[in-house]
There are 2 protein chains.
Amino acid sequence: MPTYERLKGFRDFYPPEMAARREVVDTVEDAARRYGFREIATPRLERAELWTDKSGDDIVDELYAFEDHGGRHVTLAPELTPTVARMYAAKSQELSKPVKWVSTRPFWRYEAVQQGRFREFYQTNIDVFGSSEPEADAEVLATAADALTDLGLTTDDFEFRVSHRDILGSLLRSFDADVDVIAAIRAVDKSEKVDENEYLDLLADAGLGYDEAREFDDLLGVTDPANLDELTDFAASDGLADAVENLRAVLAAADDYGVGDYCDLSLRTARGLDYYTGAVFECFDATGEVSRSVFGGGRYDDLIEEFGGQPTPAVGVAPGYAPLTLLLERADVLPEAAVSTDYYVLQVGDTREVAARVARDLRARGHVVETDVSDRSFGAQMGYADSVNAETVVIVGEQDLADGNVTLKEMSSGDQTTAPVDAFPGEFDRPTYDDFA
Amino acid sequence: MPTYERLKGFRDFYPPEMAARREVVDTVEDAARRYGFREIATPRLERAELWTDKSGDDIVDELYAFEDHGGRHVTLAPELTPTVARMYAAKSQELSKPVKWVSTRPFWRYEAVQQGRFREFYQTNIDVFGSSEPEADAEVLATAADALTDLGLTTDDFEFRVSHRDILGSLLRSFDADVDVIAAIRAVDKSEKVDENEYLDLLADAGLGYDEAREFDDLLGVTDPANLDELTDFAASDGLADAVENLRAVLAAADDYGVGDYCDLSLRTARGLDYYTGAVFECFDATGEVSRSVFGGGRYDDLIEEFGGQPTPAVGVAPGYAPLTLLLERADVLPEAAVSTDYYVLQVGDTREVAARVARDLRARGHVVETDVSDRSFGAQMGYADSVNAETVVIVGEQDLADGNVTLKEMSSGDQTTAPVDAFPGEFDRPTYDDFA
């Protein structure tokens with residue numbers, strides 16, 4: 001008898017854990033739904049060129065790519081963006097703008113497995129296409145903040161560190177027009193993970209002198225939006241002034257949207273991915289206990305065009321459930337990992353027909369109802385009812401039925417009472433022990 | 001600028017179509033939920049051996065299989081059963097029986113693309129493990145029937161053709177102990193798709209004489225469970241008598257479960273897959289307009305053991321959404337492909353802060369609420385509100401606000417009225433034009 005192993009970095013979710021996970025996903029999706037993000041569904045497999053043509057080696061080396069039976073180079077998608085860019089480009093004329101899409105699904109990257117990182121990982125992607133206004137950035141921030149507060153998190157639990165790619169780029173170019181902006185921004189992204197000398201070396205590799213690198217890093221230390229003038233005073237360029245104005249406008253819109261308290265100016269938050277173009281942000285555990293970024297987002301105005309569409313501004317966020325679960329655990333608000341059952345209809349003797357009718361009527365009222373499908377004893381059925389956390393057990397026994405009754409047992413208290421079988425559930429939407437005691 | 005194509009046999013679901021699809025999936029999942037099936041989630045990628053060790057060539061030739069970066073032979077899962085068998089075997093001791101699992105996800109097979117058949121296809125798998133009683137079979141039938149009637153289908157729309165693998169097997173062995181039962185059952189499965197001579201040839205290939213083949217097929221014509229005695233009269237074997245008794249018990253339980261009307265005895269419904277062991281059924285369009293089977297299910301008592309678990313009886317069903325959609329379309333009950341929006345909060349002039357507060361308060365009441373994130377004109381915003389089927393537009397204009405008002409426009413009638421901004425939404429859970437007119 002062979003036994004088969006699950007692949008490393010892939011997960012099985014059994015019902016108790018899945019119940020908690022479903023509650024988290026539903027909460028995030030519901031926040032997006034209320035903001036008018038519309039669900040889409042997308043292929044899990046795409047042409048590998050969607051990544052090999054444009055992505056950095058980091059992503060390409062981690063692809064689950066192969067050749068299909070038709071000789072196509074295909075890959076399991078490691079992220080959603082190229083797919084939605086392809087979808088947007090295919091129907092851009094007929095789509096009503098702004099386009100606001102949401103979807104939850106797994107992605108795959110062959111990378112080292114560690115806490116909160118798997119090879120198959122689930123994200124909810126939330127994106128606005130077709131608006132370059134700061135309100136679109138703020139709406140994405142507000143949706144993410146509402147999702148987190150709906151999950152029970154507070155201002156003490158999380159913060160959005162907000163930065164701006166064009167501020168970083170304009171500052172860098174003000175030192176030296178030839179600086180490698182992408183390499184320097186990657187260095188900033190790593191600044192908290194490496195020691196200072198290594199960080200300065202990385203900036204030097206990108207083309208800054210060491211004094212310039214220190215000066216640049218000092219400028220990134222500003223935390224009060226009012227002090228962003230220090231940057232424009234330091235380097236007068238239209239690009240920098242526009243970027244500072246845009247970042248202030250995003251933060252002001254986030255204030256109007258009621259989520260300003262969650263947003264902290266943090267220019268050193270650079271986001272590793274190359275394709276961001278404007279405001280970017282990362283969500284962190286405000287206590288620092290979960291040290292890694294929980295998720296991030298930002299503006300990527302060039303990407304739709306790169307994938308063959310008309311030039312289209314875009315901004316989005318993609319909470320991932322493995323790191324989010326770490327934050328919810330830390331804050332002690334992860335939903336309980338347990339299944340729930342409204343009624344177990346227990347059969348004693350030859351009472352299947354009545355028990356089935358009772359179960360059916362309770363299900364018609366929307367409840368979760370189980371009954372015996374294993375021909376088991378009273379005790380075995382009661383044990384099962386307990387194992388699925390049944391709130392009420394409806395005992396349909398031959399003797400009770402002869403008297404025209406069923407028995408209701410409230411599982412939390414153990415109290416029981418009889419109810420007339422012909423009136424059960426009858427007029428009651430959700431009959432309990434109390435209705436008949 | 002390159003453009004990228006979607007892979008053949010894979011689909012993009014844009015919001016209107018996805019809204020309809022979500023309603024269908026939610027309805028099926030909700031039926032399963034009410035019967036106490038518990039959601040699980042499973043890896044999309046598995047070791048290829050899960051299929052190459054046991055499955056027929058049909059499935060193996062269609063696998064999206066490849067070698068991962070670690071040299072493992074892996075495949076996109078073409079079906080759920082081996083995965084749940086693996087999961088069940090891994091935790092069989094601690095799982096409370098019966099185990100009742102449900103999950104909705106895509107599967108992949110590289111096969112010819114045609115109407116209602118794709119290379120990436122979505123199913124909801126609904127399975128009971130650990131009960132060999134007819135009530136478990138009936139519960140699966142009842143769950144499927146409830147899902148379909150919840151979708152708006154009636155007895156005029158669909159029928160479950162119910163058969164039994166052991167009846168077919170016992171009958172076949174009664175002709176000749178050496179008959180190739182699996183080949184003969186595959187022939188029965190094809191009987192409606194090929195002409196009579198070809199069907200008889202296939203039965204002959206499986207080891208029946210031509211007269212025996214005709215006699216066998218005649219016996220399968222019984223449609224009234226009361227007439228199943230003709231079979232036991234024809235061939236007296238314990239296996240056949242037990243199988244007939246079991247099938248009658250399943251149909252009787254389905255009656256008690258309130259879904260007997262949807263079940264038709266149809267022994268020629270054999271199910272192509274080799275692993276079924278007891279009662280099997282297929283759902284068909286009762287009008288015949290959709291000619292192919294919509295979905296099927298049945299008992300597979302040997303499979304968990306084959307995948308390394310303890311011997312465990314099992315029965316399940318797996319509605320697939322592509323063929324189900326064909327049936328819903330035929331019956332004219334496919335949900336409308338359209339997004340819905342409760343409120344659009346329209347801004348005229350510099351009213352963002354108030355508009356954002358109104359939108360936020362409406363969202364807090366659970367509604368789908370959009371507002372302008374693109375700095376657009378009154379007309380452009382109204383056009384957008386119309387495009388997302390907004391029920392009510394809340395116009396937040398500078399002049400109205402100076403008088404302390406907002407304007408509510410009911411989109412279906414075009415009627416509008418004012419409401420005091422300080423009392424909006426105020427005490428109302430779902431304020432409409434009528435509340436203020």
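Backbone N, Cα and C atoms are what each Cβ position is placed from, and that goes for glycine too.
Source: prediction; values computed, not measured.
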Which one of B:ARG72, B:ARG109, B:ARG292 goes with B:GLU79, B:LEU80, B:THR81, B:GLN123, B:ASP127, B:ARG271, B:TYR275, B:TYR276 at the L-histidine site, as TrEMBL has it?
B:ARG109
Stretch-averaged pLDDT - the domain 'Aminoacyl-transfer RNA synthetases class-II family profile' (B:21-334):
93
Assigned element (helix, strand, coil) containing B:THR81 (L-histidine binding site), judged by DSSP:
helix
Under DSSP, is B:GLN123 (L-histidine binding site) helix, strand or coil?
strand
